[in-house]
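Contents: one structure, followed by commentary.
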């Protein structure tokens, strides 16, 4: 009789397998390890120590390792003493061992116990069974074994255990005693002890497959995958013809995702039992998973070609799928047509094959069969039918036949709507079908229907961010920006929806992509405050996280947490097991990493490194908006945010964004973007209450344009608003004057600085240095003259008259260079007025009043070049007659001419 397992694979019994033979079977590479036929205990003492180890609660393996080394030394010494007697005999007995053979067996025993992993040389290795005893028991042993068996059957375990220990002492190489001890402990629920004794029995008699098979369910019960794998492979070597073991081995490899080995094992079963359809299908699926499509096709073709009646449609369906994957469309159609010819009257092809036929014809350019399928096929509501239609629609969509794909996706909804309650419809699955319909409509250019089906999808998939972003883009394209903003805005009761969200998953409205899309929508609508409130904090937090991640040192050494995770692959130690060092379940690459990690942990422990150090402070965090600076599309969003913040007079917030962006994005931002950010920083520095935060941006402007008067003008406007001494400014001026001695603006600004702190002598020195470079500059002549006049009014200067004459020489030169302009006449008058020569001052004030000055455009800063607000000229901006009239009225008033003073005020200073 054949047995059917839980996974649906029909298994053949041993009797059926025996008649089928085993042709062409190839042994797995794992079967080649540990080729020994078993081991034998050298004496009773050695066996009893193993029994004590196997029966202890804590294992005691490591504590007794030294005792076993001493035992090994005594064994070798005894063998060495017996060597002369063996050399004298002509023909050694069959049950006696040479010294080399005994030492080899003992080393094998030690390896099985995990006490010593000594690599044996393969030189002189012989194939076949090694010489040794057959473990025949004496009558006394057989009698005691029978008594222990009866006690075991009567569940008198406490009485049976001492008898079995005595048997081990008398006949240490008899597996039955170990087997009974393992069975006793298995019945009493002491799983570790049971495994230990059964392993001893199996290693004493490794050719007995039943012992290894007894261990397999115990290993699975203990959830020890390595031990189960080891026992399965040992059992398969002991009984290569046992198909049940091959099933276990195949299932094991399949669970480990080693599809190549699983496929080879299942193929061996197919060769032994060709009629097992389920195994043949599983073998083909395993070959498909590892990419060997041709082998999978050959396995199924061998079966399908021999079937003329009672076709297994599932096998044929799998074969057609493999043909499609291998692009063998003609072969697939031939198989379908051959199956149709074998149908009985009134019998139709299964729905799976009809769908495959439509796919094949569609790939060949014939869509007529798709129309026939839509018209004639009526499906019952079932999950299998829905999966078939979904596969068909997906293939049509891949081929670019979106019109037909829409019809088939809608067919899924029709099938689900006919549900009578027997089919449990998954709302998310229906929502994904609506998404596919909407995407097909988008490709077809029908945005109206696409929006409709996206809304249907979002009803059942409210947390799907991709649907919301796509739908909002469609709404914006259709001019429905308010609707798009509502779609992306947080719900009215966010607490209620966040409670329904999956654990450890933030709500959809907190996602960075959603916030960016919503912010763009607000910006396009002109809702600047909503735009800033939506995107400012996510961008600032992203920049701060990225900045913190840059500070994380690139660790050459892996953190301890990663090392411990890798070591887990090796499996936890088995303190309660006699046998150690079983091969872990992992790929060779993972094992290599795990072994290296284990050595590193031991090395760090030896060097007193802290193994449980908190590595969280050194780990990089995930920002709210990943790829903010690396994605070129996001750069414009950052620029728009900085402009808007400056426009809303949130200067400090804008400077935070600008500083972080320029520091982090120096390598990824374009030159134009960086220049615009720095220009915004300079503008903010001029307008912000505290301009010191933006000093570096105005400094950058003059560094780029060191000979631009407008750049230095903006620089000086920022510096003049800083009340306290600003060391960075002074250092920069000195460095600039040293690097560019022919640059006049920093020299003039230095003179202004000395003038502001009433150090007129130093100011005059700087102004005269600038005069040497540009003597025809009216501003420089004016500055020299005013500095000399201010110096004259001090108390320390002795030749004041000479200094005044020199000052007015520069002022009259300034007047000549300006062409007797109103401003120059006023400055001459103001100089005479300042030193007390009121008569001459009144003359020049009257000359200034007689001149009408035309208005000129107001000078602009570099970032104000395109500003419309500054383009218009302000009326009277260049006219100083009001100032001249006021100062003249003061002179008249002081001289007693009050009427004249009143007339001057009424004429020029009243509106």
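Note: Cβ is positioned from N, Cα and C throughout, glycine not excepted.
Copied from TrEMBL, the annotated features are:
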- 1-62: region 'Disordered' (REGION)
- 26-46: compositional bias 'Acidic residues' (COMPBIAS)
- 75-98: region 'Disordered' (REGION)
- 78-96: compositional bias 'Basic and acidic residues' (COMPBIAS)
- 117-134: compositional bias 'Basic residues' (COMPBIAS)
- 117-140: region 'Disordered' (REGION)
- 175-208: repeat 'TPR' (REPEAT)
- 243-276: repeat 'TPR' (REPEAT)
- 431-464: repeat 'TPR' (REPEAT)
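Residue counts of the repeat 'TPR' (431-464) by helix, strand and coil are 28 helix, 0 strand, 6 coil (DSSP-based). This prediction places the mean pLDDT of the repeat 'TPR' (243-276) at 86. Broken down by DSSP into helix, strand and coil, the repeat 'TPR' (175-208) contains 27 helix, 0 strand, 7 coil. Taking H, G and I as helix, E and B as strand and the rest as coil, DSSP gives the repeat 'TPR' (243-276) the counts 27 helix, 0 strand, 7 coil.
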